[in-house]
Amino acid sequence: MNQEYIKVRGAKEHNLKNINVDIPRNKFVVITGLSGSGKSSLAFDTIYAEGQRRYVESLSSYARQFLHLQNKPNVESISGLSPAIAIDQKTTSKNPRSTVGTITEIYDYLRLLYARVGIPYSPVTSLPIHSQTVAEMVDIINELPKGTKVYLLAPIVRGHKGEFKREIMNLKKQGFQKLIVNGEVCEIDDLPKLDKNKKHNIEVIVDRIVLDENLGNRLADSLESSLNLADGITYLEIVELPQAVKSQFEKNQRITFSEKYSCPVSGFQLTEIEPRIFSFNSPFGACPKCEGIGKEFFFDRDLIVQDQRISIKDGAIVPWGSTSSKFILETLKALADHYKFSIEVPFISLSQSVKDILFEGSGEEEIKFEFHDGSKTQIIKQPFAGIIPSLQEKDRTIESVLIKEELAKFKSEHKCTACSGFRLKDEALCVKIANLHIGEVAGMSIAALQKWFIHLEEKLNQKQLFIAKRILKEINERLKFLMNVGLDYLTLSREAGTLSGGESQRIRLASQIGSGLSGVLYVLDEPSIGLHQRDNTRLIATLKRLRDLGNTVLVVEHDEETMYEADHIIDIGPGAGIHGGRVIAEGNAEKIKHFEESITGRYLSGRQTIKVPSETRVGHDNRAIELLGAVSNNLDNVDIKIPLGTFTAITGVSGSGKSSLMIHTLYKAALKHLEPTSKVFPGKYRELKGLEYIDKIIDINQSPIGRTPRSNPATYTGAFTHIRDWFVELPESKARGYKVGRFSFNVKGGRCEACQGDGLIKIEMHFLPDVYVKCDICNGHRYNRETLEIKYKGKSIADILMMTVEDAMQFFDKIPLIYEKLITLNEVGLGYIKIGQSATTLSGGEAQRVKLAKELSRRSTGKTLYILDEPTTGLHIDDIKKLLKVLHKLVDMGNTVLVIEHNLDVIKTADYIIDVGPEGGDKGGKIVVCGTPTDIAACKESHTGRYLKQYLI
C-alpha cells in the first residue's frame with residue numbers, strides 16, 4: 001500500500017532544529033521562508049540527498065565507483081521516499097559543445113529527421129543529389145517508350161585537364177570501341193589529340209540499346225559495368241525516340257544516375273547520410289576547421305594595444321609589456337628609424353600605415369636592425385615579422401599551457417569562416433528539408449521553430465511523412481514543453497554556458513516532463529527566477545502537469561503566485577541562520593496567512609507590505625547617461641536615457657534584450673571608457689554620452705566571491721584584515737613578537753600545517769565519496785596551538801571566524817573599523833551567516849549581497865553607477881524589503897542604481913523604468929515604454945505595465 005506522506009523525523013542538517021514534517025506525496029508542495037532559514041537544508045541537503053543516497057546504495061559496488069555517493073544527512077529517519085531528481089539553479093554546462101538542442105535532445109531527433117527525409121543538394125550547383133540502386137535505375141529506364149534508342153555512358157573524365165593516354169589504353173584493353181570526347185562521338189582508335197592544358201569531358205559508350213521487353217538482364221549488367229567504370233555515376237543519353245509516341249522525354253536528353261550521393265556536374269559527393277554526419281561532436285560531422293565549435297580565435301589588434309593613449313615605450317603593446325627588454329627596445333627603435341615615427345608618442349597618433357607594419361610586418365622590405373651586447377654590435381638586415389605573426393608562431397610552437405593561456409588573452413572570437421558558425425561539414429549543410437539545412441533550423445527561436453514544424457508536414461510527401469511522423473511527434477512535444485516554461489526566445493544552437501541559472505533549470509524541467517516518468521520526487525530551486533510575471537502561469541501549469549503524471553513536486557520558492565497555486569506550503573523560520581530552522585506554518589496559502597509567527601503569512605495576508613514611495617526622484621539637474629544605437633544580439637538600434645541619481649529598473653519579458661542592453665553594451669562600454677585596460681568587449685553601439693558625470697561603474701553580479709574554501713565574507717569585505725591587525729596589537733602578541741601573517745590561515749607561521757589552514761583533512765574512499773574529517777591536530781580551528789593562545793575577550797581568532805555576523809557585531813561594537821564592515825553585511829540581510837563561512841557554500845544571492853555590503857562599506861563619491869542583474873534571486877519578500885532599503889540608501893548618497901528585475905515589489909519602488917520588449921528573441925529588442933511606474937502601468941503595450949498596475953493600488 002502506497003504511503004500518503006514523506007515523513008521526515010529529527011532533521012538536524014545545518015541549522016535545522018530537529019524538524020519533524022510530513023510532506024504529502026504526489027502533490028505540488030512549496031517550501032518557503034527567509035533566505036538562510038533552512039529551506040534548502042530540508043529540501044536538498046536532507047530529503048533529496050537521502051533519496052539519492054538510497055538509490056546509489058542499491059547499486060552494485062562496481063556501479064557505485066562511477067557515481068558520487070551522497071553523505072548520509074543528519075536526520076533520524078525518512079519514510080515514504082521516492083527516487084529523487086534535483087533540478088537546481090546551477091548552470092548546465094560550460095562546455096561550448098553543449099547547447100540547448102543537445103540538452104533537450106531535440107537536436108538528436110533533428111539529426112535523425114535530416115538523415116531520414118533530408119534531400120542533399122550540391123553546394124556548387126544547387127542541384128539535388130540522389131542515390132539509386134541498379135534496380136531503381138532499371139525501373140526508371142523502363143518508363144521510356146518502347147523502341148527508344150539510348151546510349152549508356154560512363155563519364156570517366158569530367159572537366160579535368162590532361163591527355164588521359166593511360167585511361168584510354170585501359171579502355172582499349174577492356175574492349176570498348178567508342179567514346180564521346182567533348183561532345184563528339186569518336187572511335188577509340190581514331191581519337192583527336194587532347195590538349196593537356198584544357199579541360200575535357202570523356203564518356204565511354206558502354207552499351208547502345210533499343211528498349212524493348214526482351215532485354216533480360218542486359219540493362220542491369222550494362223549499368224553495373226558503367227557504374228564501376230565511372231565511380232558510381234552513369235548517364236543515359238536518349239539518341240532517338242519513336243516517332244509515333246508522345247513522350248515527356250526529348251532527343252539528346254541526358255538522365256543522370258548515381259549509386260552514391262554525388263553531383264553529376266560538380267562531382268561533389270556524400271559518402272553517407274546518417275545521423276552522425278549532422279553531429280558537431282563527431283569527427284564524421286564536425287567542421288574540420290573549427291572542430292565543431294563554430295568559432296575561431298584570432299589575435300586581435302584591440303587586445304594587443306588596449307590603451308592607445310599611451311606610447312609604445314610605456315607599454316602600449318601589451319604582449320611585449322614595457323620596453324624594459326633590450327632586444328624589444330632595439331627592435332622598435334630600428335623600426336622607428338626606418339619608418340620615421342616615434343615610440344614616445346601616444347599610439348593613437350601613429351599613422352595607419354605604421355600601425356599596419358607593426359601588427360602585420362614589413363613584408364619583403366628589409367630593415368637594418370642593430371643589437372648591442374656589451375662591447376659587441378650585431379647588424380642584421382631582414383624583414384620585420386610583425387607582432388601578430390610573431391604571436392601566431394609562438395602560439396603554434398610553444399608547449400607550455402600557461403603561456404598558451406596567456407596568449408589566449410590577446411585573441412578574440414569570430415564565426416568560423418569555413419562553416420559560418422554552423423559547426424558542421426559541407427556534407428551535412430548541403431542536406432535540406434524545406435530549403436533549410438540543420439544549422440539554419442537550429443538557429444531559429446523555439447517559437448519560430450514550433451511554427452516551422454507545424455507547416456513542415458504540409459511540405460513533405462507521403463513517404464517522407466510516414467518516415468518522419470514519430471520523429472516530428474517527439475520534437476513537437478519537447479518544443480511545447482520549452483514554450484510552456486517561458487523559453488520561446490531561445491535557439492537550439494544557444495550554448496549552454498551562456499544560459500542563466502533559471503533558464504538552465506527550466507530547460508531541465510522541460511526535459512523531465514518529456515521523459516514522462518512517474519513515482520519520482522522532483523526537488524526544484526526557485527524555478528520562477530528570471531521569469532517575467534506573464535510566463536509564470538505557464539510555469540506553474542508545467543509543475544502541475546509534472547505532479548499529475550504521478551510525481552511529488554517539492555519546490556523551494558518565494559513567489560506569491562506559486563504559493564497560492566501549491567497544494568501544500570511548509571514555512572521554515574521564523575528568521576535566518578540560528579534564528580531559523582523550525583517549521584513555523586503548514587497548509588495552503590489561506591491557512592498560512594493566519595499564523596502570526598509566519599513572516600510569509602504576514603505578507604500573504606497584507607499585514608506587512610513593501611510600500612510604494614510617495615514620490616519619485618527626478619535625478620541630478622537633468623543629467624543622464626545616454627546610450628544610442630545599441631545593436632548587440634537582438635537589440636534593434638536602441639536609444640536609452642538613464643537619469644543619474646535615480647533608482648532605475650530595466651524590465652521586460654525573458655529574452656527581450658535587457659542583459660544585452662545593460663550588461664553587454666552599457667556596462668562594458670562605460671567600463672572600457674573609464675578603465676581602458678579592462679579586457680571587456682562591449683556590444684555594438686553608435687554613441688555613449690554622459691560618462692563625465694560618473695567616476696565608477698560596478699556590476700554587482702552573482703558570481704562566487706572566491707573559488708576556494710579559504711575565501712569567506714570576512715576576507716572579501718576586508719573585515720578580516722582589521723581583525724588580524726587588532727590581534728597583532730594585543731599585549732600577548734606584542735610580547736611574543738607576532739606579525740600579521742601569524743593570524744593568516746593562508747601562509748605558514750600561525751596556521752596548522754597538518755591541514756594547511758583548512759581545518760579539514762580529505763580522505764579518499766574506494767567506492768564511497770571522499771570524506772572530510774576534522775583535523776585532529778587543530779580540531780578544525782585552522783591555527784596552531786600558539787596562535788590560538790592569543791585571545792581577545794576570551795575568544796581566539798578561530799572562535800571569531802565561527803561567529804555569525806550578528807554575534808561579531810556585538811563582539812566588536814567598540815571597534816569602528818571592524819564594526820563598520822560587519823554592519824553592512826547585516827544591512828543586506830546576511831546577519832545569519834558566519835563571517836568565516838566558506839565562499840563555496842554561499843548561494844548566488846548571498847554572494848551578490850556580500851559584494852553589495854563591500855560596496856556599502858566604501859567611502860562614497862556619490863558618482864558611482866551600480867548595475868545589478870536580478871538582485872532578488874533567492875530572496876524572501878522580507879529580505880527584498882531590506883535589500884531595497886540598501887539600494888535606495890546608495891541612491892540617497894548621490895549614486896545611480898540600475899537593476900534588471902522581474903520582481904514587481906522592486907519595480908514599483910523605482911524612480912524610472914525602461915521596459916524592453918515587447919516579446920523575447922527576434923520579437924524583442926525594442927524600447928516599449930520609459931517613465932515612472934505610473935507611466936508604465938498606463939501603457940497598454942507593456943506586459944510589465946499590465947501586471948504592475950495592481951501593485952500600485
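Cβ coordinates come from backbone N, Cα and C, glycine included.
These come from Swiss-Prot:
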BINDING   33-40, 652-659  ATP binding site
DOMAIN    320-599  domain 'ABC transporter 1'
DOMAIN    619-949  domain 'ABC transporter 2'
ZN_FING   752-778  zinc finger
Taking DSSP as the reference, which of helix, strand or coil describes GLY652 (ATP binding site)? coil
Please compare the binding-site residues LYS39, LYS658 by how many other CB atoms fall within 10 Å of each one's CB, and tell me which has the fewest. LYS658
Do you know the mean pLDDT across the zinc finger (752-778)? 77
Comparing local Cβ density (other Cβ atoms within 10 Å) for the binding-site residues SER654, SER656 points to SER656
What residue among the binding-site residues SER35, SER37 has the most other CB atoms lying within 10 A of its CB? SER37
Determine the most Cβ-crowded residue among the binding-site residues GLY33, GLY652, using a 10 Å radius around each Cβ and all protein chains in the structure. GLY33
Please report the three-state DSSP label of LYS658 (ATP binding site). helix
